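Down below is the structure, laid out as structure tokens.
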Amino acid sequence: MYSRKELANAIRMLSIDAVQNAQSGHPGMPMGMADIAEVLWRSFLKHNPANPNWNDRDRFILSNGHGSMLLYSLLHLTGYNLPIEELKKFRQLNSKTPGHPETGETPGVETTTGPLGQGLANAVGMAIAERTLSSYFNRPGYDIINHYTWVFVGDGCLMEGISHEVCSLAGTLNLGKLIVFYDKNGISIDGKTAHWFTDDTAKRFESYNWHVLDNIDGHDSESIERSIKQAKLITNQPSIIICNTIIGFGSPNKSGTAESHGAPLGEVEISLIREQLKWNYPPFQIPKEIYKKWNFIEEGSKLEKKWNEKFSLYQSKYPDLSTEYLRRINKKLPVEWDRVTNNYISFLQKNRQSIASRKASQNTLEKYAMILPELIGGSADLSPSNLTMWSRCNSIKDNLSGNYIHYGVREFGMTAIANGISHHGGFIPYTATFLMFVEYARNAVRMAALMCTKHIFVYTHDSIGLGEDGPTHQPVEQLSSLRITPNIDVWRPSDQVETAVAWKKAIEKTSGPTALILSRQNLDQFERSSEQLENISYGAYILYDSKKRLDIIFISTGSELNVTLIAAKKLASLGYSVRVVSMPCTSVFDRQDASYKEFVLPTYVAKRVAVEASIEDFWYKYVGINGVIIGMKTFGESAPAEDLFKKFGFTVQNIFNKSLILLKS
């Protein structure tokens with residue numbers, strides 16, 4: 001009969017052996033949190049290793065993702081499709097055990113973690129998703145959505161500022177099914193955290209309206225079990241269980257020190273650990289009886305079977321609700337989607353209007369969201385400016401089944417929370433702020449791209465066109481930095497029609513985020529043929545053409561397209577053959593086949609001009625090294641928008657003059 005400590009030691013030794021074998025990794029945290037993990041995973045976690053995607057599973061998030069071997073050991077021991085050979089390939093090319101957990105690479109990994117604190121933020125999003133979905137779909141006696149979100153965090157996660165943003169909001173939202181375990185070992189890479197992290201964590205979380213369980217012995221299984229039971233009794237507050245642990249537990253010479261944090265322990269020390277823990281087995285060998293104690297496939301399958309039976313009864317009693325639930329969970333758009341969106345886009349083209357693209361975005365939401373209950377929006381305290389609310393928005397603070405989150409001034413937290421909402425399933429999140437403040441959200445934006453998360457970023461006030469607020473609020477380099485990030489589609493529409501198309505493409509995109517870059521100021525609408533209207537969805541299309549062998553091509557986006565078109569027509573009046581290309585989404589255009597790209601930007605035309613109120617460098621890929629770019633070289637200034645556009649050269653006359661020089665060169 002194996003004790004709980006011996007079962008936990010299986011985690012410790014697998015982690016130690018994998019790190020040693022890879023000659024790289026972090027053994028200390030898995031050794032320190034193994035006892036907590038054993039209690040949670042064997043006694044409380046609702047999951048099915050035979051079906052990692054079971055909809056009503058509990059979510060487990062390893063926010064301190066450097067300790068990934070803890071999670072891989074758990075997945076292997078409980079019966080997920082992660083054989084011992086994969087643990088032997090830890091941190092190696094093409095393995096299922098990368099250095100930090102990556103969703104999509106390893107069965108059972110809910111979200112990619114590693115940048116500290118973001119896993120915690122994702123978990124807050126998952127807890128929001130669980131509660132909002134359950135409030136919408138559950139009925140008396142049919143709690144088809146009823147699961148917990150469990151999180152492991154370390155000192156580093158709680159030092160990161162994002163932890164304040166998301167834990168403050170989680171307490172405000174009373175997320176009672178969010179339970180966090182804090183691995184309080186007092187050690188980080190530089191040494192003892194007492195020299196730089198003296199917060200009273202318990203009081204901090206009490207101030208956030210969390211239920212706090214302090215001074216829990218993280219190596220005492222009974223204490224851990226009691227604390228989890230107490231946490232589950234509290235339904236109107238998230239809980240944090242502060243566990244006092246020893247990093248590198250079991251290592252005679254390196255436990256409790258930074259030496260055990262992020263490097264292999266060495267063969268000599270590992271031999272001593274085996275003696276200390278009485279683990280008399282060679283590397284990567286686990287006794288059959290321990291495997292048997294850990295394996296959760298049979299129990300997990302029973303849990304899912306019971307849920308399936310309940311859902312079958314739910315389907316019989318609530319056929320419409322159950323059909324809608326399955327549609328959303330399976331990420332299917334409504335049957336009327338194409339009809340509604342295409343009709344709306346055609347309507348806009350026929351009913352021309354000069355409005356800001358942020359207003360066009362709100363109008364589009366009003367139309368599309370009516371048939372998309374899975375849309376869940378939010379803004380970082382800029383809803384009236386971003387125009388992200390529509391007539392049927394309900395705050396989830398006031399209505400648990402609502403569709404809008406007031407995130408407060410928390411751009412980073414907002415973005416990472418919505419990543420978690422997306423990964424939970426059942427929702428398409430959109431989040432909003434000024435384009436300039438993507439800088440606050442940057443790493444969560446990158447993580448969305450890395451994970452191919454379906455998440456729509458709404459970034460308004462997109463250029464010097466926001467005017468008097470000045471260079472602190474005027475984006476310059478942000479557009480380019482977003483465009484060069486893999487997996488993100490960045491749309492900068494020029495009028496209400498392109499805005500509606502951008503929203504349609506963002507919602508239809510199945511893998512990866514989309515950024516909608518929207519103006520503060522009004523934009524004129526352009527005439528288009530039916531072919532041009534259809535070609536918007538290809539990312540770039542011919543807006544104006546002289547219909548003969550071309551002398552010059554203009555490329556522009558957003559608010560600068562109108563002055564570019566006027567300048568081009570002025571050149572055409574002199575007899576030059578010109579083309580104007582609207583390029584609202586460069587990445588979508590880049591994915592088109594060679595024939596379409598040659599059709600829009602024929603290679604024989606070397607004289608090209610790009611016009612956009614953002615940093616110039618990005619556009620050389622389209623105009624060539626000898627092309628002309630009318631863009632930003634510096635930061636902006638504080639002045640009315642019209643004065644700034646004139647100062648920085650976004651005028652018909654300047655575009656005309658520079659193009660004429662190019663033509664005569």
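Note that Cβ sites are derived from N, Cα and C of the backbone, with glycine treated the same way.
The structure displayed is predicted, hence computed values, not measured ones.
What Swiss-Prot annotates here:
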{"type": "BINDING", "residues": "HIS26, HIS261, ARG358, SER385, HIS461, ASP469, ARG520", "note": "substrate binding site"}
{"type": "SITE", "residues": "HIS26", "note": "site 'Important for catalytic activity'"}
{"type": "BINDING", "residues": "HIS66, GLY114, PRO115, LEU116, GLY156, ASN185, HIS261, PHE437", "note": "thiamine diphosphate binding site"}
{"type": "REGION", "residues": "94-114", "note": "region 'Disordered'"}
{"type": "COMPBIAS", "residues": "97-114", "note": "compositional bias 'Low complexity'"}
{"type": "BINDING", "residues": "ASP155, ASN185, ILE187", "note": "Mg(2+) binding site"}
{"type": "SITE", "residues": "HIS261", "note": "site 'Important for catalytic activity'"}
{"type": "ACT_SITE", "residues": "GLU411", "note": "active site, proton donor"}
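The substrate-binding residues named in the record, HIS26, HIS261, ARG358, SER385, HIS461, ASP469, ARG520, extend over a maximum Cα to Cα distance of 49 Å. When DSSP labels each residue, the compositional bias 'Low complexity' (97-114) comes out as 0 helix, 0 strand, 18 coil, counted as helix, strand and coil in that order.
With a 10 A radius on its CB, HIS461 (substrate binding site) counts 26 other CB atoms from all the protein chains. Apart from ASP155, ASN185, ILE187, the residues listed for Mg(2+), the same chain places the Cβ atoms of GLY32, GLY154, ASP183, LYS184, GLY186, SER188, THR193, THR245, ILE247 within 8 Å of the centroid of those Cβ atoms. In three-state terms derived from DSSP, ILE187 (Mg(2+) binding site) belongs to an extended strand segment.
Annotation for HIS261 (substrate binding site): same-chain Cβ neighbours under 8 Å, separated by at least 6 residues, are HIS26, GLY28, MET29, ILE187, SER188, ILE189, ILE247, GLY248. GLU411 (active site, proton donor) has its Cα within 10 Å of the Cα of none of the binding-site residues PRO115, ASP155, ASN185, ARG358, HIS461, ASP469.
A distance of 13 Å separates the Cα atom of PRO115 (thiamine diphosphate binding site) from that of ASP155 (Mg(2+) binding site). For ASP155 (Mg(2+) binding site), the nearest of the binding-site residues by C-alpha distance turns out to be ASN185; the candidates were HIS66, GLY114, ASN185, ARG358, ARG520. Note on proximity: of the binding-site residues HIS66, LEU116, GLY156, the one nearest ARG520 (substrate binding site) is LEU116, by Cα distance. Around HIS26 (substrate binding site), a 10 Å sphere centred on its CB holds 25 further CB atoms from the protein chains shown. Here the recorded positions are ASP155, GLU411, ASP469, and the one ringed by the most other CB atoms within 10 angstroms is GLU411. For LEU116 (thiamine diphosphate binding site), the spatially nearest entry among the binding-site residues ARG358, SER385, ASP469 is SER385, judged by CA separation. Across the structure, PHE437 (thiamine diphosphate binding site) and ARG358 (substrate binding site) place their CA atoms 16 angstrom apart.
Around the Cβ of ARG358 (substrate binding site), 24 further Cβ atoms fall within 10 Å across all displayed protein chains.
Pairwise Cα distances among HIS66, GLY114, PRO115, LEU116, GLY156, ASN185, HIS261, PHE437, the recorded thiamine diphosphate-binding residues, top out at 35 Å. Taking every protein chain shown into account, ASN185, SER385 are the binding-site residues, and of these the Cβ with the most other Cβ atoms within 10 Å belongs to ASN185.
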